[in-house]
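*Asks:* Quick paste from TrEMBL:
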{"type": "DOMAIN", "residues": "B:14-410", "note": "domain 'Ammonium transporter AmtB-like'"}
{"type": "TRANSMEM", "residues": "B:14-34", "note": "transmembrane segment"}
{"type": "TRANSMEM", "residues": "B:46-69", "note": "transmembrane segment"}
{"type": "TRANSMEM", "residues": "B:102-124", "note": "transmembrane segment"}
{"type": "TRANSMEM", "residues": "B:131-151", "note": "transmembrane segment"}
{"type": "TRANSMEM", "residues": "B:171-192", "note": "transmembrane segment"}
{"type": "TRANSMEM", "residues": "B:204-221", "note": "transmembrane segment"}
{"type": "TRANSMEM", "residues": "B:233-254", "note": "transmembrane segment"}
{"type": "TRANSMEM", "residues": "B:261-279", "note": "transmembrane segment"}
{"type": "TRANSMEM", "residues": "B:285-305", "note": "transmembrane segment"}
{"type": "TRANSMEM", "residues": "B:317-338", "note": "transmembrane segment"}
{"type": "TRANSMEM", "residues": "B:358-380", "note": "transmembrane segment"}
Amino acid sequence: MKLITAIVKPYRLDAVKTALQELGVQGLTVTEASGYGRQRGHTEVYRGAEYRVDLVPKARIEVVVEDAVADEVIDAIVSAAQTGKIGDGKVWAVPVETVVRVRTGERGPDAL
Amino acid sequence: MTLAAARIDTGDTAWLLAATALVLLMTPGLALFYGGMVRAKSVLNMLMMSFVSIALVTVVWLVAGYSLAFGDDAFAGLVGGLGQSGMSGLGPGSVHGSVPTLLFAAFQLTFAIVTAALISGAVADRAKFSAWLVFVPVWTLLVYVPVSHWVWGPGGWIVDRLGALDFAGGLPVEITSGASGLALCLVLGPRLGFKRDAMRPHNLPMVILGAGLLWFGWFGFNAGSALGANGLAAAAFLNTLAAGCTGLLGWLVVEQRRDGHPTTLGAASGAVAGLVAITPSCGTVSLLGALVVGLAAGVVCSYAVSWKFRLNYDDSLDVVGVHLVGGVIGTLLIGLFAERAMTGGAEGLFYGGGLVPLGRQLLAVVAVAVYAFGVTYGLGRLLDRVMGFRASEEQEHTGLDLTVHAETAYDHGVLGHGAPVSHSVPAGSAQKVKAQP
């Protein structure tokens, strides 16, 4: 199993969700996040004073899937989140040792 | 103000009752205006500095302030006597012009309240609340009261002797608060992280709401200063509307050209700058003059607020840039735009009055600004030495709301924040609750 984490622009969240549902991914977790990549945030102006805001609002999506579909899921997220403009985000995957469904106690791929 | 009637006029009284309530609303409006501009961790403290001023100034005004400001002149046009301390000798039958004296005292009281509250913008986020509680009544007696006697008191040296003009309080309200704000922010020093951290307004809709309430109240402030329901009140009312609008537009034009964006904070600030500037001049200039006064304030003040970064003083919410600069603009422009039709005599430079009126306005501005700055600086230093005027570093970092008031304005979390550690339920009542099914 793999944990796939994606940091995307918040307004692309719906598109990513739809793409994952079409792939048959059962569930996901979304967190409001903030951070920056190479573009380093944006500028705001208050009474003429400019403030450099480094941390930009992002959506963090986490989903655990079976190894066999991991690449397909990553591709789906990337194509749904991509706008081609700076700040589109990152996606990464890490191996997962165990998953337990709290309600039933099932373990492993059955718990997904 | 004219004292000829000496008989209560119900129309005038009705209007002044309404105007007094309008001006009182300016202080909670100011609290929201300022509260939205500070960071979320200190918004309650900011609101409290305005709100508590209502209580502090009211008490000190009724005890001694009114008499010292509006009692018969006691010394050379500088201060009134103590004959009406505690409002003694004044009752429902006392008359000031065509309105009850008690109403006139209440109307003037609301000016004193908002003036003291205005200063808090300069020391936002870092003043010790206990020191503020001492500062406000002492400052009101030492600065606001004498200056309002100079301008409005019987025999006051600025209006009655020098002949300068100030309709609704550019000198006692705007210039004293602006100059005093500058003095206090020098006493306290800059906020931690000044020029390094982004100190963004935490709630701009609240700023707009506050500015709107200020504007609403300002009609009572300026049109009420006619002290009657008459044509002069109407003219002051319309001038107030006009100057707020050109102030707003002027600030936005500067922002668009300088920064590339017209902002909500700029719109709110520009309207307030225009209103500040028209305060002294609303009863002396024509509508055209009012449009120019507001525009000048909007444009100049939008540049003036950046002084603090260049000159390295931390006037948190730009009391100097908006109130001192706006007040100076409005007071000086009377010397150019005063019209006989409004003043009943005096004329400014553009209407054939020559340079003398401008000189009088300038002298009044300098005298009031220097006096307010000097006395406030001395008072601030004294309070700082005796009890400390600045919050501790930890309080400032954590936020004054939690550390001083034991409250926070917002609860954004989805996680709980624990059970009460104590409550005021009488001892033994927990037992009773337990016994119930």
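Using N, Cα and C of the backbone, Cβ positions are placed for all residues, glycine too.
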*Asks:* Where, among B:102-124, B:317-338, B:358-380, do we find the most CB pairs under 8 A to the transmembrane segment (B:285-305)?
*Replies:* B:317-338
*Asks:* Ranking B:102-124, B:204-221, B:261-279, B:317-338 by Cβ pairs under 8 Å to the transmembrane segment (B:171-192), which is first?
*Replies:* B:317-338
*Asks:* Which residues of the chain, 6 or more past the ends of the transmembrane segment (B:14-34), have a CB below 8 A from one of its CBs?
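*Replies:* For the transmembrane segment (B:14-34), the list is 46-47, 49-51, 53-54, 99, 103-104, 106-107, 110-111, 113-114, 117-118, 120-121, 124, 206-207, 209-214, 216-221, 223-224, 227-229, 233, 268, 272, 317.
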*Asks:* Could you tell me what the rest of the chain brings near the transmembrane segment (B:261-279), counting residues at least six beyond its ends with Cβ under 8 Å?
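*Replies:* Distal contacts: 33, 37, 167-170, 173-174, 201, 204, 207-208, 210-211, 214-215, 218, 221-222, 239-240, 242-252, 254-255, 290, 293-298, 301-302, 305, 318, 322-323, 325-327, 329-330, 333.
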*Asks:* For the domain 'Ammonium transporter AmtB-like' (B:14-410), would you mind checking the mean pLDDT of the predicted model?
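*Replies:* Over the domain 'Ammonium transporter AmtB-like' (B:14-410), the predicted model scores a mean pLDDT of 96.
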